[in-house]
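Asks: So TrEMBL lists these for the protein:
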type: COMPBIAS; residues: 347-357; note: compositional bias 'Polar residues'
type: COMPBIAS; residues: 366-376; note: compositional bias 'Low complexity'
type: COMPBIAS; residues: 389-399; note: compositional bias 'Acidic residues'
type: REGION; residues: 347-399; note: region 'Disordered'
type: SIGNAL; residues: 1-25; note: signal peptide
type: TRANSMEM; residues: 299-323; note: transmembrane segment
type: TRANSMEM; residues: 436-456; note: transmembrane segment
type: TRANSMEM; residues: 490-508; note: transmembrane segment
type: TRANSMEM; residues: 536-557; note: transmembrane segment
type: TRANSMEM; residues: 563-582; note: transmembrane segment
type: TRANSMEM; residues: 594-613; note: transmembrane segment
type: TRANSMEM; residues: 619-641; note: transmembrane segment
type: TRANSMEM; residues: 679-698; note: transmembrane segment
type: TRANSMEM; residues: 704-725; note: transmembrane segment
type: TRANSMEM; residues: 737-757; note: transmembrane segment
type: TRANSMEM; residues: 788-807; note: transmembrane segment
Amino acid sequence: MAGGATPAPGALLCALLWVAAAAVAGPEGNPAPGAFGRLYQGNVNISAERVYAFAYRGQPGQVDAVRVYVNSSSENLQYPVLFVVRQQKGVLSWQVPLIFRGLYQRTYNYQEVSRTLCPSEPTPETESSDQIIFVDVASMAPFNIAYELLVTRLENFQLETNKAFNFTASPSQPQYFLYKFPQDVDSVIIKVVSDAVYPCSVVSVQDIVCPVYDLDHNVEFNGVYQSMTKQAAITVQRKDFPGEQFFVVFVIKPEDYACGGSVPSSVHGNVNRTWNLQRTKNLQVTIVPSVKKSVYVQAMFFSFLSFLSFYLGSVVVAFVHYISIDVKLIVPFGSASMAGSGIMTSSQPITASTPEGSSYGAIDESSSSGGRQFSSPEGGPRAGSDTDSSVEEESDFDTMPEIESDKNIIRTKVFLYLSDLSRKDRRIVSKKYKIYFWNIITIAVFYALPVIQLVITYQTVVNVTGNQDICYYNFLCAHPLGVLSAFNNILSNVGHMLLGFLFLLIVLRRDILHRRAMEMKDVYTLDYGIPKHFGLFYAMGIALMMEGVLSACYHVCPNYSNFQFDTSFMYMIAGLCMLKLYQTRHPDINASAYSAYASFAVVICLAVLGVVFGKNDIWFWVIFSIIHVLASLALSTQIYYMGRFKIGKCYLGMFRRAVMVLYTDCIQRCSRPMYMDRMVLLIVGNLVNWSFAVFGLVYRPRDFASYILGIFICNLLLYLAFYIIMKLRSSEKLLPIPMFCIVATAVVWAAALYFFFQTLSSWEETPAESREKNRPCILLGFFDDHDVWHFLSAAALFFSFLVLLTLDDDLDVVRRDKIPVF
């Protein structure tokens, strides 16, 4: 342009079209403008460049998309053919052969490439627009390289709601489509399915911005994405896209290791191999509306009202008992001993009858309780105030030589009664068990705060990066709310918190009534029935509430690294239930809060080590199995001898003595064990635990946290079954309320476990493999199977706690020297 003159836009456009037409001249030299749907073939080299111009007119109110297909027979990576596509607002370029890189710097070459150009903006309803596309073909090769070029206009570029669309993609031929939100839809779910597991693919949702990132190395740069094998689902909300439209991008990866496929073993091998049609995948995409806001409201009402009905039921039961019992006999909440079997108002309480031939009735223990004198209601230290004394400590009873000797004599008797194991001052024992409550609150605060901080960070990373492979949701039923990606999985944990708080209220009422009875010096409260210590019950209620909190935290972003959040308080619940069941008839010799929580800490440490090292390391399983077996033997020995088994300074002495006892009693003389019932329980318990140890050593399950939880639950169920059997064997009764709770516990647990085993995701696998297990919602169109498990397990745990709370209410009018210990 001489003199620096600027040409007019129209003149420049005409000049460019003339150059483009000249570049595509045919054999006779006549200009041949670019035409859609026509296959162009030619040769390029360092001195011969080709430029094609394609013009089209956009339809009013529509988005027009163009797809460019190129092919070159050359496999020479030193001189690839370069394709540059120029549009009104962008440039797109690539080379052929197109090279993809995988692990260990492996390369995969593709000679056929097909790309969709970034579409033009939609024209107004009443106007049309002219668009021009230039395609430059060049190469630095000193020799001719043949190529093919085909440019077509896409007829089905815009996806429709509730209409399935099928297509094919490959690493060098990615696909993407446009979707616009209908007027009455605020949220949609993009469902993608394929009949083939491999090749591994990626589904991405990106804003209407050019360029579109549709290759393996850049698809993660923008938007929301997740890997896929046979199934994928992404929930998209209108508020996240100001233009109320987005692109759905489909990319096929050159390797399958990200989806659980085989991993290349080395750098070498088939570097220049072409893959063109060897990694194609048939896909089907369907976009369906998600739930409306009204469904969120219904789900929240359902969640709260379902569990608030338990509060109403508890009030009704409390009212019925209040009007049915004698005012003079204050019975704790839930106790049916007075209303269920009738009250005898005589001055002498009812005593438990022992069937003839029962071991528990062989010796009358009423006069052989170690010299213990039952204090009368009118005086004595047991009728004193329930306030804790700072000067009274448990050591006042345990360090006196005569008391120590007395304990050795009493607790090693063949036939034990509750009076033998409830000799300590009630106020001091209650103070000891209250430590369980205060300690678990401290643990809960220090455990929950960093957990909450961590999961908030996880959710923030997911929202910022768009990487939905971080969290293992059930994407077919993941309803977002605010910054949360799966609000339904969090809401379903409200039952644990509500029912845990209700259980605390029930225990508090029992505690208050018991204190009032103590102040009134009620004879039934002093030396009759099971000693009332509520510290463990309070701890169980807090543990149930914390299970809901931590389960909700885990489901903010469920994955491999935070699964222990969901199981830590499950271990504590199972352990506290076993301790409470043992404390019922062994109030003086139960474990202290410090040793119990220290044991739970060890278990949680083992669970973390198992998650980290338990996948393939055989040495970990060997060490864990040895620890498991030795711990079972040590605990069995202490239980068998009621804590009076002296081990001295060396723990090996305990095992040596255990072996000697087994040899002399069971092998040498084949004598009957001194404590037959305990021996049967401990033998069965050890067989169960040893079986778990062998199973873990042989199969090495990947879900180590659930494996440990299974050990706890099996031991708890075994001990509970033993306790109920021994209770019935001793001619004790199951009153209507505990019987109802037992039946309800069994039924609800059976239903809950059914939904628990409906696996909807698994962090033991890759995210893509986990999504193959995803299923749609089953309740209110909002909750999935795992949410139903949350609802039912909360109710099942609540009924289980009520079983422990009310199981021995029939003994409230039975003297403790008539209540057997087992």
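Using the three backbone atoms N, Cα and C, a Cβ is placed for every residue, glycine included.
Note: TrEMBL annotation is automatic and uncurated.
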Asks: For the transmembrane segment (704-725), which recorded stretch in the set 436-456, 536-557, 563-582, 594-613 gives the largest number of Cβ pairs separated by under 8 Å?
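Replies: By Cβ pairs under 8 Å, 563-582 leads among 436-456, 536-557, 563-582, 594-613.
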Asks: Contact between the transmembrane segment (299-323) and the transmembrane segment (490-508) is defined here as three or more C-beta pairs under 8 Å separated by at least 6 residues; is that satisfied?
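Replies: Judged by the Cβ rule, the two regions touch, with the required three close pairs present.
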Asks: Rank 436-456, 536-557, 563-582, 594-613, 679-698 by Cβ pairs under 8 Å to the transmembrane segment (788-807) and hand me the top one.
Replies: 536-557
Asks: So if I exclude everything within five residues of the ends of the transmembrane segment (436-456), which remaining residues of that chain have a CB under 8 angstroms from its CBs? That is, six or more out.
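Replies: The answer is 535-536, 538-539, 542-543, 546, 549-550, 553-554, 556-557, 562, 565, 568, 572, 576, 593-594, 596-597.
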Asks: What residues in the same chain, six or more past the boundaries of the transmembrane segment (563-582), come closer than 8 Å to it by Cβ-Cβ distance?
Replies: 436, 440, 447, 451, 455, 536-537, 539-540, 543-544, 546-547, 550-551, 553-555, 590-591, 596, 599-600, 603-604, 607-608, 611, 639, 705-706, 708-709, 712-713, 715-716, 719-720, 723, 763, 797, 800-801, 804
